[in-house]
Amino acid sequence: MNTTRLLSRASLVLVSFSFHCFLGGNFFSNLVLAAERRRVRGEHCGSVLVFGKSGPLKSLRPNGVSVSFPRQRVPECDQETRQNEEDNRGREGEGKEEEDERGSDEGFMGMTPLLQAHHAMERMEEFVHKVWEGRWRVMPHDVLPDWLKDNDFLLHGHRPPMPSFRACFKSIFRIHTETGNIWTHLLGCLFFLCLGLMYMFRPNMSFVAPVQEKVVIGVFFLGAVLCLSFSWLFHTVYCHSEGVSRVFSKLDYSGIAFLIMGSFVPWLYYSFYCSPHPRFIYLIVVCILGLAAITVSQCDFFATPQYRGVRAGVFVGLGLSGVVPSLHFVISEGLIKATTMGQMGWLLLMATLYITGACLYAARIPERFFPGKCDIWFHSHQLFHILVVAGAFVHFHGVSNLQEFRHQAGGGCAADGTL
């Protein structure tokens with residue numbers, strides 16, 4: 001008889017578990033609970049049965065031994081059972097953590113097989129829910145919320161809203177429209193961070209004025225690392241929520257201004273090494289313009305898609321403010337000397353890369369001409385990122401050549417204040 005009862009219970013466990021796994025929901029769990037309650041009432045008429053609000057029993061000693069369950073009292077009468085269940089609905093949520101901590105282990109061991117299966121189902125539901133939260137699929141542009149719509153020429157492959165920073169950072173390793181944007185500046189950030197540390201630890205004998213020169217070149221590396229860091233962080237978490245997107249977009253635009261200002265500092269230092277007064281004036285002007293660009297970028301309207309051209313224009317204008325000191329340098333040094341010793345060629349190449357990237361970004365080329373073909377790779381924002389990293393490296397190369405020239409020339413200056 002006992003063997004037959006065990007086999008029947010085991011079969012019920014397997015059947016209920018299969019139904020739950022393949023059909024899901026609480027329907028079959030409730031059936032299991034109802035069947036178990038009827039069975040226990042039949043075997044223990046008149047005994048007190050107390051159920052927890054989630055269903056599992058704390059302990060069960062059948063065949064004439066007392067039975068105890070957490071929370072809800074189930075009398076022998078079905079009508080009284082329903083009445084008590086209705087009365088106790090309002091008390092859900094009280095003492096859940098305390099009851100779970102005290103009775104989780106001993107309660108599970110004291111359950112009948114059916115209730116053990118039900119308990120396992122609940123745990124499985126929680127696990128599947130957590131796993132499902134970590135799963136997401138890319139979405140087309142037209143179903144995105146308005147605050148996630150930026151480029152309507154990128155038709156597919158967008159991340160959905162993910163109000164979890166953990167999910168946002170895990171999306172770095174998934175393929176979507178922001179994958180290239182994230183990795184181009186994440187790798188660029190690591191590259192300039194390592195390059196800057198190597199440069200700062202160069203022996204002092206490589207510099208004419210080690211402290212001053214390391215400070216001015218360090219300002220450039222700081223601007224580059226901040227720009228690239230804010231950029232990849234923004235592209236990683238901007239799908240978190242509208243508020244987070246707004247905050248990190250402002251950091252992203254501020255980082256561009258930091259890069260431009262930081263790029264001016266070492267070039268002005270070496271180009272006007274023997275002309276401190278013009279150098280000081282140009283540095284002040286660049287800082288004022290950079291702070292103005294940062295201030296404008298803090299406005300909410302600045303990040304909207306319709307102001308894409310304005311954004312590009314603000315930062316291109318900030319970069320073109322270097323035309324005046326460049327002309328000053330060429331006039332005072334001469335075109336040949338400014339090109340060979342002053343590294344004007346590298347400076348022009350840097351400006352070309354930055355301006356080209358900004359124009360591609362503003363015009364949304366090439367996805368404008370190939371809608372849906374550049375959703376993942378080689379769209380305008382991705383090309384803009386690549387050109388920014390390339391322009392920053394070109395600028396560093398030119399500044400390194402200027403520093404080397406100054407080291408070879410020594411700390412002296414010509415009588416007329418030229419190089």
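Using the three backbone atoms N, Cα and C, a Cβ is placed for every residue, glycine included.
The region 'Disordered' annotation in TrEMBL covers 62-108.
As annotated by TrEMBL, compositional bias 'Basic and acidic residues' applies to 73-94.
Feature annotation from TrEMBL assigns transmembrane segment to 182-201 (among others).
For the transmembrane segment (213-233), same-chain residues at least 6 beyond its ends with a Cβ under 8 Å from one of its own Cβ atoms are 181-183, 185-186, 188-189, 192-193, 195-196, 199-200, 207, 248, 251-252, 254-256, 258-263, 265-266, 269, 385, 388-389, 392, 395-396, 399, 403. The annotation transmembrane segment is assigned in TrEMBL to 213-233 (among others).
In sequence order, Glu178, Asn181, Ile182, His185 are the residues near His235 (Zn(2+) binding site), counting only same-chain partners six or more apart with C-beta under 8 A. If you look up TrEMBL, you'll see His235, His381, His385 marked as Zn(2+) binding site.
According to TrEMBL, the feature transmembrane segment maps to 253-273 (among others).
Here TrEMBL flags 280-303 (among others) as transmembrane segment.
TrEMBL lists 309-332 (among others) with the feature transmembrane segment.
Among the features that TrEMBL reports, transmembrane segment is placed at 344-363 (among others). When Cβ-Cβ distances below 8 Å are used as the criterion, the transmembrane segment (344-363) is approached by residues 263, 267, 308-309, 311-313, 315-316, 319-320, 322, 326, 329-330, 338, 380-381, 383-388, 390-392, 394-395, 397-398, 401 of the same chain, each at least six residues removed from its ends.
Under the heading transmembrane segment, TrEMBL lists 383-399 (among others).
Long-range contacts of the transmembrane segment (383-399) within the same chain, counting only residues at least 6 positions beyond its ends with a Cβ under 8 Å from a Cβ of the stretch, are 180-181, 184-185, 188, 191-192, 195, 217, 220, 224, 227-228, 231, 259, 263, 266-267, 270, 343, 345-347, 349-351, 353-354, 356-358, 360-361. Following the DSSP three-state reduction, the secondary structure of His235 (Zn(2+) binding site) is helix. Looking only at other Cβ atoms within 10 Å, the busiest spot among the binding-site residues His381, His385 turns out to be His385.
In sequence order, Glu178, Gly180, Asn181, Ile182, Thr184, His185, Ser231, Gln382, Phe384 are the same-chain residues whose CB sits within 8 A of the CB centroid of His235, His381, His385, the residues recorded for Zn(2+) being left out.
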